[in-house]
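**Student:** Per Swiss-Prot, substrate binding site is recorded for Thr50, Cys51, Asn52, Arg53, Ser110, Glu115, Thr116, Gln117, Gln121. Here Swiss-Prot flags Cys51 as active site, nucleophile. Sequence annotations record features per position, and here Swiss-Prot assigns site 'Important for activity' to His100. Sequence annotations record features per position, and here Swiss-Prot assigns NADP(+) binding site to Gly190, Ala191, Gly192, Glu193, Met194, Gly195 based on sequence analysis.
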Amino acid sequence: MHYLNISFTYKNTDISVREKLAFDSDEKKDQILRLLKSSKNIIECMVLSTCNRVEVLAYTNDIKSAMTHIIRCLTVYSGVFEDELFERADIYEDSGAVHHLFAVASSLDSLVVGETQIVGQLKNAFKFAFDNASSGEHISRLVHYACKCAARVRNETQISKNPISVSSVAVAKAKEIFGTLENKTAVVIGAGEMGELAAKHLITSGANVIIINRSSDHVEELVENLGDKASWDSILKLKEYINKYDLIFSSTSAPHAIITGELIEPQEFRRYFFDIAVPRDIDLVNTDKISVYSVDSLEEMVRRNLALREEQAQTAYSIVGQSTNEFLKFLKDNISIPLIKTIRKKAEICAEAELEKALKKGYLKHSDKEEAAKLIHQVFKAFLHSPTINLKSLASKNDAEQIAGGIKFLFDIKEENLENLTKDIDEI
């Protein structure tokens, strides 16, 4: 069995393709998970979709077949040709897939290194897949260890000190443009996660915020929590607000652009639009009166922040490497320990059966049963001593899975029996 990760990020895929791949609703996530699980080679899977990445994580019995199937599913979903997806994708297998996910969870692969949103996004992605019966114990273990690794990085480095996200970078860019945001009014379109973060950063910077949203759901509570500097209005007044104010942030989950040239009225003042949505919310051309910043155009500012965190990132990568090795050792241990327990159980069952036969045929007195059982137990314990020691050493061998497969064949151990006998494995 293998772990496989196929990754499309800001590093290898521009926003025009990423927005086609984005799974920005539960319906779309459910659709792609159903497609992925239609292959017998995909045992478990989950999808992680954020403004900067789309990743498919799979647990598979055949990496090549799974890889081809995943790319075909993404083509069916997005309309992007298979060849282009293969060319753009970063593909990680086995230990590489583990290391990559741990780096992602630790925010080392993020556009903004050190941002803390990604752990929550990873947990939510797993929960959705698990609730929809697409993920099980194998991806669960991997995500659990990934979150443990992220916690270590957070606690043992200062990489998340003064954490920043795409939203905060956009606000910082606005502050750079205007000099100060104190008492300035900014319009935030959308009350989702990114919009909420943008509003919080704006208010922290001294700005007043008007949140434009399609419905009152969530936004009323959000405005109340944000305090006196926040208010909200209906999306029906979108045209009015984007022509009245000069600082606009947009982060909705709309499948198409909501701000286009048809809505723009000529104004004497210069307007600054920050599009932090994927797919993009804004379809405008930069002019002498309009400047548009997308997720990708914020990259230069983000990279300056990355340079400041480089030293901490090196320490964090060391932790990711250690955590990867720990997880791989856990996987190998999880091969040997169930095998040991199952072989011992089979020996015990066989010994008990032969003892009962001896009693029935009169070869052994019932009064001697207890002593005979002890003797048999000592015999198979002595016989299995060396195999047990050697099996425990499997964890240090690169070909552990192949050796384990041979042992299962010799002892006629089926995978389902192995799982049933070893659901609660104690240390041996």
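The count begins at 1 with the first shown residue.
Using N, Cα and C of the backbone, Cβ positions are placed for all residues, glycine too.
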**Student:** Using Cα-Cα distances with a 10 Å cut-off, which of the recorded positions Thr50, Cys51, Asn52, His100, Thr116, Gln121 are near Gly190 (NADP(+) binding site)?
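**Tutor:** So the list is empty; none.
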**Student:** Of the binding-site residues Ala191, Gly192, Gly195, which one sits closest to Gln121 (substrate binding site) when you measure Cα to Cα?
**Tutor:** Gly192
**Student:** Roughly how many angstrom lie between the C-alpha atoms of Ser110 (substrate binding site) and the residue listed as 'active site, nucleophile'?
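**Tutor:** Between the Cα atoms of Ser110 (substrate binding site) and the residue listed as 'active site, nucleophile', the distance comes to 10 Å.
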**Student:** Express the distance between the Cα positions of Glu193 (NADP(+) binding site) and Thr50 (substrate binding site) as a whole number of Å.
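**Tutor:** Cα-Cα, rounded: 11 Å.
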**Student:** What count of other C-beta atoms do you get within 10 angstroms of the C-beta of Asn52 (substrate binding site), across all chains shown?
**Tutor:** 24
**Student:** Give me the count of other Cβ atoms within 10 A of the Cβ belonging to Met194 (NADP(+) binding site).
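**Tutor:** By my count, 26.
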**Student:** Out of the recorded positions His100, Ala191, Gly192, Met194, Gly195, give me the one sitting nearest to Asn52 (substrate binding site) by CA distance.
**Tutor:** Met194
**Student:** Just to verify a number: CA distance, Thr116 (substrate binding site) to Met194 (NADP(+) binding site), in angstrom, no decimals.
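**Tutor:** That comes out at 13 Å between the alpha carbons.
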**Student:** I need the least crowded one of these binding-site residues (Gly190, Gly192, Gly195), counting other C-beta atoms within 10 angstroms of each C-beta.
**Tutor:** Gly192
